[in-house]
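Asker: Submitted below is the structure of interest, expressed as structure tokens.
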Amino acid sequence: MSCLMVERCGELLFENPDQNVKCVCMLESEHFLSYQFARNTASAHLRKVFRRSEICNESHWTKIKVSTGDVRLRGQTGVPAERRGSYPFIDFRLLNNTTHSGEIGTKKKVKRLLSFQRYFHASRLLRGIIPQAPLHLLDEDYLGQARHMLSKVGMWDFDIFLFDRLTNGNSLVTLLCHLFNTHGLIHHFKLDMVTLHRFLVMVQEDYHSQNPYHNAVHAADVTQAMHCYLKEPKLASFLTPLDIMLGLLAAAAHDVDHPGVNQPFLIKTNHHLANLYQNMSVLENHHWRSTIGMLRESRLLAHLPKEMTQDIEQQLGSLILATDINRQNEFLTRLKAHLQNKDLRLEDVHDRHFLLQIALKCADICNPCRIWEMSKQWSERVCEEFYRQGDLEQKFELEISPLCNQQKDSIPSIQIGFMTYIVEPLFQEWARFTGNSALSENMLSHLAHNKAQWKSLLPKQHRSSGGGSPDHTDHGTENEEQTVTEGIAP
């Protein structure tokens, strides 16, 4: 049995997320020999452990650069990409340690360079150890319900949490396979279904399941929202298959390998990625380069012309980098100007790309525009992630970042500020572009309702004084907006 045949048959999932690995029978294939060889030499070990590399072609594997914990593979041409798992498990001792540069000579050093999850998976599989845990396979009832939900994937009240349960934690892979098929992308780009599935599994597994918010379910939720926006009448008739594929891929991978802390945290702990990207869109650059690495390793687009794949990589980068919340005013000002001047020409590829950037930005922060039950759950999740970062900063006597102090920053006040200064301005302009479409009106209606709900949950003293709600105009408004923007920076 070949590895390819096994992948076509499906996968088994373990109860523990850290053991959620695909068990592939390789005893009758050449892959078993290559894995045996990988155990014998450090160089081969690195080649197999660092599988999410920049270049899969052996001839292009030219150099491994090790610098302050970052392992990147540079090919002869194209966009530099990061291997999968280059983002270490967030640990203060690692974040503040810049001394382990140079050659990798021991297993311990290799382990320190990998995320815990990635090292756990790779090392156990390389040693031939199959995790022992109860198996939970989906029965036909669950599969039938998931299929029924996919028939309504274009509805705004789509429940991504229920869909994730019905797919046994595989919401991102299942959703993307369905959307690629319904949009005709598999046929148009002549994609191999097994290769597509392999790539999507790579993406899904590189999200950290221990993150309350920035995980694969968030990526699936953003992808479903992006699908809804791509169907907007003002936009849909102008979109090409390439536009649609770029929008869906960028949505699925826009937060891949997110560590659960924001950019200011990485900067003040002197993290190697902050140094690598010179404190500019650190996480977004990492998400982009990691995505390129997975695309190249999976060889999903290897059959396409080189110029086309390079263009796809660049456009993916432009889309993912647009999700940097620090660039919010830049994009909002530009969108307002276009709408004021009425000079958007969607026949032009550059204007279409700009609208894709805006659509992705909307999808990324659309939680306050969902129905209250789902919006509230997302709000609690993102605030829990903020509070975890605050606890970590307090533990190591660092200044607690804005919105990360659980004792001072309540969930209602955080959400009202977020809606007032970030969400409302963007979605109001998006509604102007769509001509107040049914979807836009529905989202703005949910937004107003959810904001009122959070206001009702504010502590009484905050409601009476206005101190807990940023939704008031005074001399502190500009500072409050800056605080909100800094606090929710990815």
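Cβ coordinates come from backbone N, Cα and C, glycine included.
TrEMBL does not curate its annotations; it predicts them automatically.
Per TrEMBL, the features are:
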{"type": "DOMAIN", "residues": "138-461", "note": "domain 'PDEase'"}
{"type": "BINDING", "residues": "His214, Asn215, Ala216, Val217, His218, Asp255, Asp364, Gln415", "note": "AMP binding site"}
{"type": "ACT_SITE", "residues": "His214", "note": "active site, proton donor"}
{"type": "BINDING", "residues": "His218, His254, Asp255, Asp364", "note": "Zn(2+) 1 binding site"}
{"type": "BINDING", "residues": "Asp255", "note": "Zn(2+) 2 binding site"}
{"type": "REGION", "residues": "458-490", "note": "region 'Disordered'"}
Asker: To the nearest whole angstrom, what is the C-alpha distance linking His218 (AMP binding site) and His254 (Zn(2+) 1 binding site)?
Answerer: 10
Asker: For His254 (Zn(2+) 1 binding site), what residues in its own chain, 6 or more apart in sequence, show a Cβ-Cβ distance under 8 Å?
Answerer: Ala219, Val222, Glu284, His287, Leu319, Ile320, Thr323, Leu360, Asp364
Asker: Asp255, Asp364: which of these binding-site residues has the highest Cβ count within 10 Å of its own Cβ?
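Answerer: Counting every other Cβ within 10 Å of each candidate, the maximum falls on Asp255.
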Asker: So for His218 (AMP binding site), how many other CB atoms are inside 10 Å of its CB?
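Answerer: For His218 (AMP binding site), the 10 Å Cβ neighbour count is 23.
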Asker: Taking the Cβ of Asn215 (AMP binding site) as the centre, how many other Cβ atoms fall within a 10 Å radius?
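Answerer: I get 24 for this one.
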Asker: Give me the mean pLDDT over the domain 'PDEase' (138-461), rounded to a whole number.
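Answerer: Overall, the domain 'PDEase' (138-461) comes to a mean pLDDT of 96.
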Asker: Using the residues the record lists for AMP (His214, Asn215, Ala216, Val217, His218, Asp255, Asp364, Gln415), what whole-number Å value is the largest Cα to Cα distance?
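Answerer: Taking every pair among His214, Asn215, Ala216, Val217, His218, Asp255, Asp364, Gln415, the longest Cα gap is 22 Å.
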Asker: Counting across all protein chains shown, how many other Cβ atoms sit within 10 Å of the Cβ of Ala216 (AMP binding site)?
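Answerer: Its Cβ shell of radius 10 Å holds 25 other Cβ atoms.
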